[in-house]
Each structure stands twice: as structure tokens, then as C-alpha cells.
Amino acid sequence: MLYRASHLWARIEVFLAATFAALITGLILLNVVTRSTGNAIYWVDEAAIYAMVWMCFLAASAAIHYRSTIAVTVVNEFVPAPVRYWMERGVDVVIFMFACLMVWICLRWFMPLQLMEAGWDIKAFQGNTFNFIYAEPTNTLGIKKVWVWLVMPVFTLGALLHTTANLFHPGHAAQVEAAE
Amino acid sequence: MTPLIFIVLLFASVPIALVLALTALWYIHESGNTVLYDSFAQQAFAGVENYGLLAIPLFILTGELMNEGGMTQRLVQAARVFVGGFRGGLAYINLLANMFMAAIIGSAASQIAVMSRAMVPAMTKEGYDPGFAAATTAAGGLLAPVIPPSMLFVIYGVLAQLPIGDLFIAGIIPGLIMAGSFFIVIALIGLVKDFPKGEWMTLPVALRALRDALPAFLIPIAIVGGILFGIATPTESAAVASLIALAVGWGIYREIKPADLGQLFVRTATNSSLVIFMIAAANVFGWVVIYEELPQKLAAFLATVTSDPFTFLLIVNVCLLFVGMLIDGIAALILITPILLPIAMNTYDINPYQFGVVISLNLVLGLLTPPVGVGLYIASAMSGVKPFTIFAALWPFLLAVTVVLLVLSYFPILSTALI
Amino acid sequence: KDFRLGLITPPPHVWTKAAQAFGDELAEKSGGAHSVTVFPARQLGNEAQMLQQLQTGALDMAFMTVAEVSNRVPNMGAFYAPYLANDMSHAAAILRSDTAKGMLEVLPQEAGVVGVGYGSAGMRQILSRGEVSSAADLAGVKLRITPFDPILDFYNLLGSAPTPMPLPAVYDALANGQVDAIDMDVELINVLKYYEHADTLLISNHMMFPMVGLISARVYAGMSAEDKAMVSELMAKHVDTTLDAYIEKSPAWTEKLNTVGINVHTVDAAYFGDVMGKWEEIWAAKAPSLPDLRAAADATK
Ligand code: NA
Ligand code: NA
């Protein structure tokens, strides 16, 4: 059940990441066209960069599900199969711990509880916490940066889902192709 | 304690990106600067927030389109015309095709990914040792960041505030020297091992191969032209190249349809994210390391050891070889350029172009050295050959790069002649 | 305490030297109780990232362009009023005025940083690949800018196509015609040799480009009253030295550009016609301090 949820979410992540990859290409080409015709668009570069950030973290979370992240496997190749099995379970646990740490880090960063306590009043929240992330602007897009930063909690929750599912669903490190 | 954690996690085959992130987290814990936890995720995000990195997915997309659209294969055929008849012909073809590709692709990681998929099965089928096939391909991939365009030079230029176009030009001679040294390595290996025999093409076949490859050569022309005539930045020229690759593969070779694009974008997203996510992790790692002033201390120490530029470059090379073993090229370049470049320029009067070429080449070498050798693992993942097997066949190439590195360190003119 | 101070300029730059001098004097005046480690050349990230680190307290101090701060505190955009200052000396006088200093008061609440005083990176000029005989020639021209609103509005009003671009990309972009002109200061036009690919330099001095010395508000709150006074006073003193450095060096840089074989036109506010008035209209609403700053500028002429 958990594993199927993880699998479904990984597919959505990969689909979105591919969409962002297409968006990057489109935006950069748009830049070439508009600039060569003298109509340079101010916000395209920044939009392309954020599309790349979203692509990267969404696909990185999915890579945890597919166990397709790049790792040093020198030792794995030399140990007997049972040892290798337990090493891989150990790695699953380490990744699970990483996801938990990321949850804690995102809570420290976004401070959702304190924001709620401040009655969603950002000025009051800033005064209480010295946390200015909800006021941070983007350079050229005209939206608050926090909308773009949201990919970090999305990545974190995705990673937590995938790694929890992997804990109960041992599997061998797959090739990169698995992500396809 | 921190180095121990790093090594244990690394060899336990924890994903490299997470090794870097977890080591950084542990280091923060040990240093007591707990305020860094608050900026941790933000710094990881900031590591990806970089215009230059956009070139990575675009180069990878171009590579995928060239593969699927039949361009890689035709470039390989064109290479066959020139070197196919030698004993070990396919090994030379691999290198020559890698040179062509290097003029299109700017990142060793993506070139290794593309070429491993194309060349290793072909070489294995003709009877080459798979380890040697993968090693030749991985070594050929090292040409990507030296022969322009080059992502490493883009990033170095950004850090050193040098014109990127000039840096590209500075890479031409070193790139040719490096390719030459690889040809020699293959020839020497051929004396020891018995390579499969090659065959020269007949004139009509050769002409047809060259004609077929002609549209594929549009891509390097478009990239160089795009940059020279001011239509595009290096990143944008990668996007233009992908568009041309699609046009050629769809319109001329008819091997690809727009409907295939979905799968290509999936591969582009997943493969480029593998690399970019590591850069994000390396960025937090580097940020913590710089925050604790480790590189500064190293640099101060270096300056007390010698006053001779060549000796300094030798020391830098040795240190960077170790850095390159542990940290990926781009991340390492970002880490060390701001620290070492001022020392090189101010204390030793070293030309910044030469310095850029030398450290870039050095860090590229690190892509193929264990334990952290991204290129090695990509070659392994794409070809299905185990990393250790590849490394066992790779060392002659690494030795050749090291010699080239020494030559480039000793003769600044090789890097500055064309500028 | 060992304070960490970040900036984007390379080690030999005026700002970095001022930061070092500040650190040396702080160590001396505090009897070794405090010291400053300078992180030059974007080692800790770009200005936006450093500002975010100041907010969390991960970074203690920074010397930063006011442009970056004005993205969060639009009132600071008032400094970029075209022809607020006539030249570098006048710009220094304005930045030293009480009005300018008063504008720093809201920074702790609005941006999480304490601003101690201003420095500078000189005045903005326009360097063009093609001949520019009047402001009308700049219409439709692809012109590189640093991305922040006041300068964007200025060039939009002028009818140019402002193109945001990070500094390292500028040389190539100018060389290959990706942009037709750049908004730049005389120092970098010299040092980075942008004139090699240009025909015309407008010594327009159309905008000042101030810098501000910042301390993390979180870190500042944790300091003793004496430390607060000593640190801010010394930092203010050393960022202020950059103003004198630019007053002293700007004429020589400008002079040198007269000898590199490009056309140099010295132009004034009249050259840009009604752009100033329209800019003022837009920014009067965004930057309430604008009239006061104009008054301070008139008073220091
Ligand atoms: Na290349
Ligand atoms: Na390595």
C-alpha cells in the first residue's frame, strides 16, 4: 500500500520533472528568439533557473524511490551476497534518517507553527522570529521567493515517503534506466 | 570524526549527494555553529540556482536527441572513414567521435553518458574487452570540458571574471594535445593486446558516410556560430543545438518523431538531475567547509612552501588530484577557484587562463578517479560494466592526462597562444 | 567573537580592502576580543544568498550593493533617482547626509539587517557598440543591466530593451553583439576592458551606485551595548572610506577611457529629456524618502 503510494508519487514526480525539462528548453529558446528580434523578456532567465531547480529536486526525490542515485559501489562488488544485502538495508536506514533530518530542517526554515501562532501575519511573524523568508522577493518574476522555495518541503516529503516505503520493501540498487 | 563519517558513508554506498549533505550536517553539529542548520536547505537550493547549470540539461537533451535521431551513429561512421582501417579501428573511432562530440557537448558527465550508450555495446560486439571499451569512452568524455564549448570553463570564467569566449579558445590546444595523447595510449595498448582488425571503407562508402554525417556537423557549426555571431550565450547555444538535433533527426534522418520527445525529456530530467542534485549537495558541503575556513588555511600554508610558479602548480595539482578524488569537478572548481586563483595570480604571477586550463583539466581527471568519480559511475551505469573493471582499464589514460597536465603546467604558452 | 564578513568583490578591490582594514582596526580597538574574517569573491554566495544568511545569523556582516537591499526595501530605490547626484563627490555628500542615514532605520524590521553606513561603487555610465548621438539612439537598443527595479524603469522609459545579465557574461555579450550597450561604471569598463568592443562611451553619471555596510540583526541583538557602538562605528568609518577612494580614482579612470580610441561624450540630465520626470512619478509612490533625498541633494550641491 505504502509502496504503491510511493510508486505513484514517483511517477508524478518524474512526469513533472520532464515537464520542467521541456519548459527549460522552451524558455531558453524563447530567450534566443526574443533577444535576436530586440524584444528581450526580462524574467525568462530567472524562470528557467527555477524550472531547473524544481526539475532537479523532484527527480532527485523520485531517484530515491527507483534507487537510481549515484553511489560508490566499490565495496558492494567484493562482499558476499548476505553482507551486501545488509549493507543495502543500512543505506535504506541512512536515507530514511536523512529524510527525517530534512523534515526537521524545513520546519526550522519555514516555521509553519510560529506563522500560525502569529495569525498568518507576516510582519508580526518576522518581528517574533527574525525569519524573513516570507518577505523575500524574486529578482524579476514579481512573485515571492517562498513559492519557489516550496520545492524543498515537496522534495523532503517525497523523500520521506519513498524512503519509508523502501524500508519495508528491500530491493537491489537499480540502474539509472529504472527511472525511465 | 567528520572525515570518518564521510568515508564510512561513502564506502557503504550511500548516494554521494547524501554523503556530502550528511557530512555537512555532522560537521555543523561538531563545530557547534547550529545557526547553519537554518540556512542549510536554502543553501542546497542556492547551489542549483545558477544560470550556468542550465547548460547541463540542455547538453544532455542534445546528446539524447543525437542518439535517438541517428546523429551519433553517423558521426561514428564519419570517424570510421578516417581511422577505421587501423588495427583497433573502433577504439580510434571512439576517440575521434568523442572529439566531434566534445565540440558539441560541454560536460564530461553528459558526454560519457551519451557515448557509453553508443560506443560500448558496439566495441564489445566487435570483440573488445568491455572494460577497455568503457574506459576508452570515459577517457574520451574528458575531452568535452577541454575542447570548447565547456561547462567547466563557463564556471571558471564566472568565478575568475574572465571572458568565457577567450577561455574556450584557450582550451583548443590543450584539448588537441590530450586527444593526441589518448591516440598514443591506444596505440601502445594495441602493441600489448591484440585489438580486433579494422577495415578501410571503399571510396563510395566513405563519401556516403561523410555526406550522411554532414547535417550532424550543423550542430557544432551552429554552436560556435551562435556564440561568435552573438545570437546566443553558451547555454542558449546548447538549446539551439537541441533544436537543430531535433530538426536533423526528424526532418533529414527521419529516425525520431516529436512524439518521442516525452521519453527524451524524462531521460533528460532524470539524468541531469543526478548530476545537478550532487552539485546542490556539494554546494552546502562547500559552503560549510568555506565557512569554517579550511581552504583558506590550506592556501596560507601552500604560500609558505615555495616561491616558484611551477612548483606551486605542481603542489596545486597534487592537492587537486586528491580533491578531485573526493569532490566532483564543478563543485571542486567552485570551491577552490576563489581561494587559489588570487594566490596564483598575485603571489606567483601565473596567467589566469593557464591556471584555469590546468585546474579544470585536473578536476576533470577527478571525474574518473574513485572513490568519488561521477564519470566512472555514469560510464558504469550506462554501459553495465562494473566501475572497478572500468578503472582497471582506465589507468593508462589517467596517466596520459597526468603527463599532459605537467606539460601544461610547465608551458603557459600552450594555454595562452591562441588568445 | 570572530565575525564573518562576506562580499562579492575580489581580494584586490576597494571594498575588500576596506573590509580588511575594518577587521584590523576592530581587532586592535577591542584588544583582540573581536576579529573579522573576510570572505571575498562570492565565497559564501551571491548577494541575495548572503542577505538570507544575514537574516538567519549564519553570516554576521556584509558589504553589499544597495540594489540588493532595495529589492526588499523599495524605499532604498530612491538613491537611484536619475541625476540625484551630479558626480561622485556629490554622491558621497548625499550618502553622508542625515536623510540617507535615516533611511537605514527600518532595515532591521523590514530586512532583518542593521545598516551602519554607506559606501560606493562609483557612478553609472553607458557604453555602446554603436554610435550614440542622442538619447533617441538608445531606443530599441538591447542594453545590459543589473536586475533591479529602479534601473529597469529608467531604461524602459528610455525605450531601450533592458536585458538582465550577470557581470561575468557581459564581456562576451558585448563582444558578440548579444547586447548593444551596457550600463556600467568607469572602473569596470577599464579593469574588464569592456571598451575593447565598444564605439561610444557616454560619461553620463546618470545614477549613483551605493553600497551599504550591514550587520545581521540577529547577531546585533545579541551584542552588548558597547560592542554595538564600537562595531557599528568602526564599520561605518571603513565603508565610508570607499566613498573617498572612488572620488579620488574616478577622474583617472575616466581620463584613461579618453585614450583608448573610442568616442567619449560627456552628457547631462538634459540629454535624457523627460525620462527623469517620468521616473520620478513612478518612484514617488514606491519610495517615500525620494523628496527628502532630493532636498538633501540640493542642500549638498
Ligand atoms: Na566541449
Ligand atoms: Na574523483
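Sequential numbering from 1, following the chain as shown.
Any Cβ shown, glycine's included, is placed from N, Cα and C.
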Here TrEMBL annotates transmembrane segment, and of B:40-63, B:64-87 the range meant is B:40-63
Does the transmembrane segment (B:132-156) reach the transmembrane segment (B:355-378), going by 3 or more CB pairs under 8 Å (6 or more apart in sequence)?
yes
So, do the transmembrane segment (B:40-63) and the transmembrane segment (B:355-378) meet, by the test of 3 or more Cβ pairs under 8 Å (sequence gap 6 or more)?
no
Taking residues 6+ outside the transmembrane segment (B:355-378), which of them lie with a CB under 8 Å of any CB in it?
10-11, 16, 108-109, 112-113, 116, 138-139, 141-142, 145-146, 150, 152-153, 156-157, 160, 162, 167, 170-171, 174, 178, 274-275, 278, 313, 316-317, 320-321, 323-329, 332-333, 336-337, 340-341, 344-345, 387, 390-391, 394, 397-398, 401-402, 404-405, 408-409, 415
Mind looking up the mean pLDDT for the domain 'TRAP C4-dicarboxylate transport system permease DctM subunit' (B:5-412) in the predicted model?
85
Answer yes if the transmembrane segment (B:390-413) and the transmembrane segment (B:168-192) have at least three CB pairs under 8 Å among residue pairs 6 or more apart in sequence, and no otherwise.
yes
Give the nonlocal contacts of the transmembrane segment (B:7-28) in its own chain as ranges (CB under 8 Å, at least six residues past its ends).
1, 34, 36-37, 40, 44, 277-278, 280-282, 284-285, 287-289, 292, 328, 371-372, 374
Six or more residues beyond either end and a Cβ under 8 Å away: which residues meet both conditions relative to the transmembrane segment (B:168-192)?
87-88, 91-92, 95, 98-99, 102, 132, 136, 139-140, 142-143, 146-150, 153, 227, 234, 353-354, 356-357, 360-361, 396-397, 399-401, 403-404, 407-408, 414-419
